[in-house]
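Trainee: Encoded as structure tokens, here's the structure I'll be asking about.
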Amino acid sequence: MKKPVKSWLIASTVAALLAVPAVSQANSEVEKLTKNPANWATWGGNYHGTRYSELKQINTSNVKNLQPAWTFSTGVLRGHEGGPLVVNDVMYIHTPFPNTVYAIDQKTQAVIWEYTPQQDADVTIPVMCCDTVNRGLAYGDGKIFLQQSDTVLTALDAKTGKRVWSVQNGDPKLGMTNTQAPLVVKDKVITGISGGEFGVRGFLAAYNIRTGELDWKGYSMGPDADTLINPTKTTTWKDGKVQPVGKDSSTSTWEGDQWKIGGGTTWGWYSYDPELNLVYYGSGNPSTWNPAQRPGDNKWSMSLWARNADTGEVKWVYQMTPHDEWDYDGINEVALVDQEIKGQMRKTAVHFDRNGFGYTLDRVTGELLVAEKFDKAVNWASHVDMKSGRPQVVSQYSTEYNGEDVNTEGVCPAALGSKNQQPVSYSPQTGYFYISGNHVCMDYEPFEVEYTAGQPYVGATLSMFPAGKDVITGKEDGSNNLGQFTAWDATTGKIIWSNKEQFSVWSGSLATAGGVVFYGTLEGYLKAVDAKTGKELYRFKTPSGIIGNVNTWEYEGKQYVGVLSGVGGWAGIGIAAGLDSGEESSNSEGLGAVGAYRSLSSYTKLGGTLTVFALPN
């Protein structure tokens, strides 16, 4: 049975390319900046994406005295994801569409410069899935890099805000958009693409930092030449060991040319290991959401990747959810940490997937070390087989096994995952990761859908609701919380502690040397907890719901903590897009989120504010 697909309310002009001779290696500059905790120079505070700060002026004893130091209104409503950069005492702030960038003087809080790109809202906004968000900026080579919603990548002079160059990264008329923060690596700017719900084939691209010229592009699926996979050198985990992927490892897992509209987009966060010269990231769900229309494992959607930063060639790749049947979009960040596992120090890559499993891999080889549920409510799979690396799917919750036009009930987690894009933090003091999580399940009904370029290519109806189970034991307890904040040991795959939250925690966390971990809540609280115990030490209600990441820096000898508030994102789409949540028929609106989060509007409204906190003088 075919059903009409309706575009949902969720969420240009290109300048001439200016040729600039020579190239510079910017990552030595970025590395130097990130080693000084007075800066917050990348989305994750460092190349490894750990979101940890050595600052400790704010600690477990005095954080209770924290108070707002100053605020800044962005002038834009809807979802504010990401967080501010602070580079050499200057703050850089971004907004959701229209993607305005502000440079702020911290002494006066005055705007040094602002830049708003020219974009066609009528073309771009209708094809933005899950709100008009933007996750932040990148700095390098004296430039601020903005990845616009309309896919244009723009380089701005960090001192003046003048455009240096811009380049088109995709075509919004085909459903392509961008929401992620780019990453500067050596003489390149790394970026990806959004649009999996429109049949966009995902890729990672590297542009020259000086000229904007394309250096390389590696697709998530397709022939080896497209994916930049070397059949004999690129490895994966199977049969209990690391081994070459072999020829046509992607196309052999698709029926016909379905891979050309196969999804696997790359709208998450990117990490980098300078010693290994590898870029790490995740690829998203296959298109369509109806698994019956795309037989096979659909490689390499739903995968973790390690690519050579110079050439884009794939070092290793690991697929977490073969033939994804639930939209468990695998784009979440990969944090790079050296840890002792079973008595041996390992260079690890740690990833908390929307599918509810926390993965620890050897980041050098791609060897699978740990794969365990970080929310025990997860039921779509019983476990991950460590030899094959494949999840063991429970047929009761298999949307393909149950069939098209059949409502598969009680699947945990819901499509927005046990964790969405909001990045984790890691404290070397405790050895724990801190996870902002969702505690939501769903009913999921796939249906046949036809592909039309630039039109939604979803093929499923879903509704979401509280998991009603204990996070640590998985036992039904009648709880109605939609979120939690969890401490996790990635060496053993065990939950250390977990705090319930009324709504999903959609804010990236921050760990500090002061023993404090910060995060924001959907109803708008900035919270501080003890890194060891999870005990709440501080809370403050900001002007709107928080889906931004908490960042910290130092200015004139004083530590500051800042976070953007502005409710939105998938969980907050009902408020952000003005969808009616007052009728039962709205349960499936916003791709299922409106019904689950209908009470959120009683706690917060639209906004767009940066709130900066500090201890009193």
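Backbone N, Cα and C define each Cβ position, glycine as well.
According to Swiss-Prot, the signal peptide annotation covers 1-26. The annotation disulfide bond is assigned in Swiss-Prot to Cys129-Cys130, Cys412-Cys441 on the grounds of experimental evidence. According to Swiss-Prot, the pyrroloquinoline quinone binding site annotation covers Arg135, Thr179, Ser194, Gly195, Gly196, Thr265, Trp267, Arg354, Asn420, Trp506, Trp570. Taken from Swiss-Prot, the feature La(3+) binding site covers Glu197, Asn285, Asp327, Asp329, and the record attributes it to experimental evidence. Per Swiss-Prot, the feature active site, proton acceptor maps to Asp327; the stated evidence is similarity to another entry.
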Trainee: According to DSSP, collapsed to three classes, what secondary structure does Cys441 (disulfide bond) have?
Mentor: strand
Trainee: Using C-alpha atoms only, work out the spacing between Trp267 (pyrroloquinoline quinone binding site) and Asn285 (La(3+) binding site) and round it to an integer in Å.
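Mentor: Taking the Cα atoms only, Trp267 (pyrroloquinoline quinone binding site) lies 11 Å from Asn285 (La(3+) binding site).
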Trainee: Including all protein chains displayed, how many Cβ atoms other than that of Ser194 (pyrroloquinoline quinone binding site) lie within 10 Å of its Cβ?
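Mentor: Its Cβ has 29 other Cβ atoms within 10 Å.
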Trainee: For a quick check of understanding: among the binding-site residues Asn285, Asn420, which residue's Cβ has the most other Cβ atoms within 10 Å?
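Mentor: Counting every other Cβ within 10 Å of each candidate, the maximum falls on Asn285.
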Trainee: Quick one: Cα separation, Gly196 (pyrroloquinoline quinone binding site) versus Cys441 (disulfide bond), in Å?
Mentor: 22
Trainee: Have a look at the recorded positions Cys129, Cys130, Trp570 and say which one has the shortest Cα distance to Glu197 (La(3+) binding site).
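Mentor: That would be Cys129, the closest of Cys129, Cys130, Trp570 to Glu197 (La(3+) binding site).
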Trainee: Return only the integer: C-alpha distance in Å from Trp570 (pyrroloquinoline quinone binding site) to Asp329 (La(3+) binding site).
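Mentor: About 13 Å separates the two Cα atoms.
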Trainee: For Trp570 (pyrroloquinoline quinone binding site), list the number of other Cβ atoms lying within 10 Å of its Cβ atom.
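Mentor: Around Trp570 (pyrroloquinoline quinone binding site), other Cβ atoms within 10 Å: 28.
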Trainee: Cα distance, Arg135 (pyrroloquinoline quinone binding site) to Asp329 (La(3+) binding site), nearest Å?
Mentor: 17
Trainee: If you measure every Cα to Cα distance among Arg135, Thr179, Ser194, Gly195, Gly196, Thr265, Trp267, Arg354, Asn420, Trp506, Trp570, the residues said to bind pyrroloquinoline quinone, what is the biggest one in Å?
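Mentor: Comparing all Cα pairs, the maximum is 21 Å.
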Trainee: Work out how many Å separate Cys412 (disulfide bond) and Asn285 (La(3+) binding site) at their Cα atoms, rounded off.
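Mentor: So the alpha carbons of Cys412 (disulfide bond) and Asn285 (La(3+) binding site) sit roughly 17 Å from each other.
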Trainee: In whole Å, how far does the CA atom of Cys441 (disulfide bond) lie from that of Asn285 (La(3+) binding site)?
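Mentor: About 18 Å separates the two Cα atoms.
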